[in-house]
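What TrEMBL records for this protein:
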| type | residues | note |
| --- | --- | --- |
| TRANSMEM | 45-66 | transmembrane segment |
| DOMAIN | 45-509 | domain 'Amino acid permease/ SLC12A' |
| TRANSMEM | 72-93 | transmembrane segment |
| TRANSMEM | 153-175 | transmembrane segment |
| TRANSMEM | 181-204 | transmembrane segment |
| TRANSMEM | 280-301 | transmembrane segment |
| TRANSMEM | 321-346 | transmembrane segment |
| TRANSMEM | 381-401 | transmembrane segment |
| TRANSMEM | 407-431 | transmembrane segment |
| TRANSMEM | 452-474 | transmembrane segment |
| TRANSMEM | 486-505 | transmembrane segment |
Amino acid sequence: MSDLEKPSIRSSSRMEKDPYYTNEAALVDPEEKESLHRDLSARQISMIALGGAIGTGLIIGSGTALVRGGPLGILLGYSFVGIVCYMVMVALGEMSAYLPHKKGFPGYATRFVDPAFGFALGWNYVMKYLVVTPNNINAAGVVIQYWTQKVHIAIWMVIFIAFIFGINLFGVRVFGELEFWFSSIKVVTLVGLLLMGIIIDLGGNPRHDRLGFRYWDHPYGPMGTYLNSQVHNYHLSIFLGFWSTLTNALFAYIGTELIGVTVGEAQAPRKNIPIAIRRTFFRILVFYVGGVFVISLIVPSTDTNLFVANKSKAGAAASPFVVATTLAGIKVLNHIINAAILIFVLSAANSDLYIGTRTLYGLAVQGQAPKVFARVNRMGVPYASLFLCTAFCGLVFLNVSSSSARVFGWFVNLVSTFGAITWMCICYTHIRFMKALKAQGMSRDDLPYKAPFQPYGSWFALGATAIITLFKGFDTFMPFKVDTFITAYIAVPAFVLFYFGYKVYYRTSLIPSDRVDLITGKREIDEEEDRFNKEQEMRGPRTKLQRIWDSL
């Protein structure tokens, strides 16, 4: 008998009377017919993990980071935050593989830390996706204006909102299949863009101009300067340029944690989630770090077409990759890239709407949101949550009164802070989870997935994210700008208000490590997974082609 199955752990009947868990729904998932359906297959989970979160941050927002940080600055910034992101993901993967419930990581915070902590994290995450979905729709509008500005942008917004709403309304099976193909297109496109960038750099362009590391030399690099006219110090402006790449990279990586939300609808999660988590490292290394490195080789950081605040044109400035093809004199290809980027941001918006609805559903199931949001239709779609999250897509119509670039900047500020708080909460929850295992005599070696570099990895990610978040809005003071200051920091007091408001009202307290419930609800999940595995066995042996398809 493994340590995870020892009978010394407190029974669920005793746990029902435990003052630390006042709501039994926080520990046990609802019946399948009344909750989310586990219809996401292994290949869908893997591909969503590989390409699901890649969107505006890398494809569009990296232009801002290149201008401010320079070619070396953007590479260092994305590499550092990539390490932080990986530590967050392995921490989440360890908890998700052990207890793949349907409440997302706010459910882990409620169970392993404090119900007030789970409440604050859950609503912080919901607010993030109430903002990030219209952000990606806004980005889609920016991208499509590359072709024409004759059609009013509000019309495009309505079409995009209706599109992602329809996909999410048809259930997770349809969502998973479409997102599988969207993510596949993302992966193929990114590989193509990376190869294209390398070819352009080595001279395989119409001008036969071998760039090499030209744009890493003066006056383009290797480091950029930011706010030099305000600080009047060249070396300080270089540091500020590098620091701004950390904030930009944080925005680009945020959303990677969506695997922690899909776990509630994944088939055989204990097998598939660890596989998806392991692939995260390669996505970070190849797509993010490799992507910004290639961008730094083929686009000068001084190019006026790069997307920065209000200084650039919409459309042509949308992506550094589009700028690169224009500079290299390659015709037509820029339109193909722009079309691919449109798929990128629509896919990201589609995933965002899905995550927002599932997070709100998880809160409702735990009794931390109105119960109406826990209602699902026969396809397992939390339709009330979907309607609310879709309604907030109306924020995108801010474009009508403000420029797309300015609205994009507001959303980046909001989303990166909400996302950073989420990462910190995941890390702290994982630290508490590890302490609970140790206090109750359970070994991490017996877990379905054991996160590497722990506990140091979670502490490092927690500290690094906290520092980046604290100083992310430094540029709002030079000079002081009310709108950017509010959007940079409003999420922090909101989280504190949620946490202490819930704690005071319900008089919750931090759960001692030896009293954390690590067992209740686990048996039901085990039985559900066993049933699925037996059903797979009854289907008979799979052909080689079917096994390849399932593993894609």
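Cβ coordinates are placed from backbone N, Cα and C, and glycine is handled just like the others.
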Does the transmembrane segment (321-346) make contact with the transmembrane segment (407-431) through 3 or more Cβ pairs under 8 Å, each pair 6 or more apart in sequence?
no
Are the transmembrane segment (486-505) and the transmembrane segment (407-431) close enough to be called in contact, which here means at least 3 C-beta pairs under 8 A that are separated by 6 or more residues?
yes
Run the contact check on the transmembrane segment (153-175) against the transmembrane segment (452-474): 3 or more C-beta pairs under 8 Å, excluding pairs closer than 6 in sequence.
no
Checking distant contacts: for the transmembrane segment (280-301), what same-chain residues at least six beyond its ends satisfy Cβ-Cβ under 8 A?
49-51, 54, 58, 62-63, 65-67, 69-72, 74-75, 78-79, 82, 85-86, 89, 187, 190, 193-194, 197-198, 200-201, 211-213, 215-216, 220-221, 224, 249, 252-253, 256, 259, 320-321, 323-324, 327-328
Name the range, of those listed as 181-204, 407-431, 452-474, that has the largest tally of Cβ pairs under 8 Å with the transmembrane segment (72-93).
452-474
